[in-house]
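Visitor: Dropping a structure here in structure tokens format, bear with me for questions.
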Amino acid sequence: MSIQVYNTLTRKKEPFIPLEPNKVKMYVCGPTVYNYIHIGNARPAIVFDTIRRYLQFRGYEVQYVSNFTDVDDKLIRAARELGEDVPTIAERFIEAYFEDITALGCKKADVHPRVTENIDTIIQFIEQLIEKGYAYEVDGDVYYRTRRFSDYGKLSHQSVDELKSGARIEVGEKKEDPLDFALWKAAKEGEIYWDSPWGKGRPGWHIECSAMARKYLGDTIDIHAGGQDLTFPHHENEIAQSEALTGKPFAKYWLHNGYINIDNEKMSKSLGNFILVHDIIKQVDPQVLRFFMLSVHYRHPINYSQPLLESARSGLERLKTAYANLKHRLESSTNLTTNDEQWLAKIEELRNEFIREMDDDFNTANGIAVLFELAKQANVYLMENHTSQQVIQAFLQQFEQLFDVLGLSLQQDELLDEEIEALIQQRIEARKNRDFALADRIRDELKAKNIILEDTPQGTRWRRG
């Protein structure tokens with residue numbers, strides 16, 4: 001079965017057929033860099049990084065572009081409040097963004113274009129829209145003629161008449177129509193600006209992504225993605241700008257991730273329940289946060305709470321423990337035994353099941369359920385008296401490959417095998433010397449590290465719990 005993708009544009013799942021065989025052009029809207037990112041910003045970074053990884057796993061060559069909005073009203077306001085200039089603030093939070101997403105297991109995009117590095121491209125785009133009659137200039141501002149684009153509203157599934165009822169013109173604006181939106185904003189006193197055919201100013205938000213997506217990926221791209229909150233007006237306006245200019249579809253598939261709620265309340269600044277990634281990863285393993293995000297289908301809302309985060313931590317630890325136990329058993333395993341073909345077939349079936357789930361609109365939640373079944377089967381196998389290196393290797397390979405698809409690490413902050421053996425030896429010596437208090441202390445220390453000891457007539461054996 002081919003990969004099926006839910007397309008916001010058509011509101012249904014469709015077979016994923018890229019424009020060029022085995023090549024995928026993917027554009028993901030990045031952050032406005034005026035502060036540290038919050039967990040709502042982290043979700044699309046994690047989700048679309050995982051989708052990119054899965055497409056690569058399935059053999060596609062993915063060209064992945066994600067932008068930085070490094071000049072806009074929020075940045076100008078932050079610069080004014082902090083007494084710094086816009087480029088300094090943007091640079092600081094771009095660096096912070098990379099630190100945060102790297103901690104969360106996200107790979108960098110192939111290109112991270114910045115608005116300030118593409119002003120000429122944006123100006124040329126606007127000039128062409130004016131030439132085609134889709135835009136007009138008023139006193140240094142340039143607006144897009146929304147009604148001129150007959151398909152306006154097709155992504156958010158709203159009609160122009162419905163939109164008009166909620167539209168209004170702000171004081172001082174000179175639009176022809178309340179639905180028109182800014183492509184270029186004339187600079188106010190003291191604001192950062194660039195020279196343009198319409199005077200000093202800066203780009204509007206929506207035009208930036210249209211211009212940069214076209215520059216780096218071409219007129220039509222395979223996947224355009226972002227948070228659900230960007231569907232309207234941002235992505236709707238991108239379509240209007242890009243398709244008016246080129247006369248071609250802007251993107252074939254539109255993917256949007258769901259919202260994050262905090263303790264069953266929508267995350268919002270007014271409620272003061274924003275959680276910065278910068279802060280939370282000091283308290284929580286970033287891998288746990290990633291695992292938590294992927295444990296829910298990307299289109300569904302997530303409820304963020306400490307109990308759910310703890311459940312994610314416990315679940316991830318169970319998977320890592322199964323992997324660690326397999327590695328521990330590897331050296332003591334033998335060659336193929338009689339029922340190994342049955343186990344190898346079972347492992348292959350679980351791999352295929354993972355692929356089936358991920359092929360169904362990148363269902364990481366069900367993919368993770370398959371990983372738990374893989375861990376369960378591994379634990380059953382390790383209960384056998386004789387285990388084979390080939391089967392252990394097959395289990396290990398699947399853990400490693402599927403964890404990599406999800407951007408997760410199998411490393412544990414734990415004692416090394418050599419450290420465990422050394423502590424067991426100390427405990428044996430303590431018991432010989434009848435120092436039972438020390439022996440019990442060592443057992444308790446190992447138990448706290450999830451190491452279970454079994455005293456047998458043949459000596460002390462251990463396993464990870």
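Each Cβ is built from the backbone N, Cα and C atoms, and glycine gets one as well.
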Visitor: Out of 81-85, 231-235, 266-270, 311-315, let me know the one Swiss-Prot marks motif ''KMSKS' region'.
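Guide: Per Swiss-Prot, the stretch marked motif ''KMSKS' region' is 266-270.
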Visitor: Of 31-41, 405-415, 416-426, which range does Swiss-Prot call motif ''HIGH' region'?
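Guide: Per Swiss-Prot, the stretch marked motif ''HIGH' region' is 31-41.
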Visitor: Around the recorded Zn(2+) site, report the further residues of that chain (criterion: Cβ within 8 Å of the mean position of the Cβ atoms of C29, C209, H234, E238; site residues excluded), sequence-ordered.
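Guide: The answer, listed by sequence position, is W205, H206, E208, S210, A213, H224, G226, L230, H235, N237.
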Visitor: Of C29, C209, which of the binding-site residues has the most Cβ neighbours inside 10 Å?
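Guide: That would be C209, with the highest Cβ count within 10 Å.
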Visitor: Same-chain residues six or more away whose CB lies under 8 A from the CB of H234 (Zn(2+) binding site)?
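Guide: Expected: C29, W205, H206, C209, G226.
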